[in-house]
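Quick notes on the structure that follows.
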Amino acid sequence: MSDVPDLSSDEENFEDDDWQEMETSNSSVMCLFCTDIFTSVEEGLNHCETAHNFVLSSLKLKFNMDCYSYIKLINYIKSHKPNPEDILNTTKPLWDDEKYLKPVENDDWLMFDFDSLIDKPNSPKTYHANVENGLVTLSQTHFIELQRTIQTLTEQLNETQTHLQMAKEDINKMQESMKTLVDGGNPNGDDSEKNVVVNCVSKLPLEDDEGYFNTYAHFGIHYDMLSDKVRTESYRDAILNNKETIKGKVVLDLGCGTGILSMLCATAGAQRVYALDQSEIIYHAIDIIRENNWQNVVKTIKGRLENTKLDETLDIIVSEWMGYFLLFEGMLDSVIYARNNYLKPGGLLLPNKCNISLVANGDIDTHSKLINFWSDVYGYKMNCMKSEVVREASIDVVQSKHIISEPCIVKEIDINTCNTDIMDFTSEFKLTITKDGLLTSLVGYFDTFFDLPNPVSFSTGPDKTPTHWKQTVFYFRDCREVKQGDVIQGTIICNRQKTDVRALSVQINVFGKAHKYILS
């Protein structure tokens, strides 16, 4: 298929000169306060200083601004078009609101390396002072310069004192909250909050959910996902092999990451794509989308969906939401929220079906390494550690040669109709043993389906090409001998953890025992 891009690396054909050309060509920057056009942000800043007396470096120093404050400032100016004097003379940052992190326009002002901006002092000046009869006489220019220096130092001192006072107040609040917690009370002073049940992501306060999004702010995890060809090429084929389904549609790329799925939808002819992510990776996605000239089709949004209002309803929702054992991380909650609140009747979800399977594992060597290791650690017994090791479900690639049973599907999920209680299920299973061996664990994996005119599916099972999801391994403390033809019967109980809506508790009842595991 000539219209399907090759996902293999072309790094050897990529030259630094090409990068420089992309960075510098066809760039135009409009002044923040007038309609003058410049070829770079640096020229625009120089113009703002000379024509509008707007010195960004002074503002940075005055309010101790970082790159996020700068983004808020630019979007505030774009939204309200204030006079530069009002901004410079304000005693507090008028733009200090999370809503200004959402880009008003995708332009070069947002791409500027604000951290590199420094308050460049003028070349050292020398002034002549007259000294007569013990009196020092200064020139007017020298006197004004000294006044300006005193004013700057005073502002810095006041700013430091303000931050110090805020830090003291925060410490006092933390001490009071800790004392209340130790005493068994509610740190917020509101006992009614004890009755609030947080059983899905939409009920979780955003500030309590930031840790999850921070894990997606780093390069490594996106490299793992993008280099997973099973994952990425399946989404690619589902989108580009069904262009007629995507063409002219309004699409949401939920949890867009680097924006790869957004650009695939744009390539397939989508009318508009909303690329949404709460993680800091969204700022790199903005660069990537502009680098590939899709900024007129793809609109980037920083925010958690449950705390964001979209401008219109959607024809299609595409999302790579799957976690370990399919349901870990609870991102399906957000897909369901988007479906219930924004998807048009008859709209399309990609993917739209998944299932979870179990299979028996007879990998004795790995079991010995993880479990029996604690029986003799340099001559000392540490058997108490075995239960703790077993309790944590392992994420690992299981070789197909160790699989000793037929698989059994324990959960089927229709994304079009499921609810947020999908993470809580109980299912019986039967595993027919295919060869003699020692049963060391049960292995969980999932399959994903795109029901389209040209359907696509992929599996994360141990008999398929490994993916970044690997498999979820539920080890038993003690191995059990099994024979070909035996049927292992049991029950799996999966629940959302009460203390962490994105984590799972799994119980497997088999061989007359309840084996409990956590994924967190």
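Cβ atoms are placed via backbone N, Cα and C, with glycine included.
According to TrEMBL, the coiled coil annotation covers 143-177.
What TrEMBL records for 8-21 is compositional bias 'Acidic residues'.
Confidence annotation: the domain 'Protein arginine N-methyltransferase 3-like C2H2 zinc finger' (62-103) carries a mean pLDDT of 88 in the model. The domain 'Protein arginine N-methyltransferase 3-like C2H2 zinc finger' feature in TrEMBL is assigned to 62-103.
The annotation domain 'Protein arginine N-methyltransferase' is assigned in TrEMBL to 366-509.
Here TrEMBL flags 1-21 as region 'Disordered'.
Per DSSP, the secondary structure of the domain 'Protein arginine N-methyltransferase' (366-509) breaks down as 24 helix, 70 strand, 50 coil.
Summarised by DSSP class, the composition of the domain 'Protein arginine N-methyltransferase 3-like C2H2 zinc finger' (62-103) is 26 helix, 0 strand, 16 coil.
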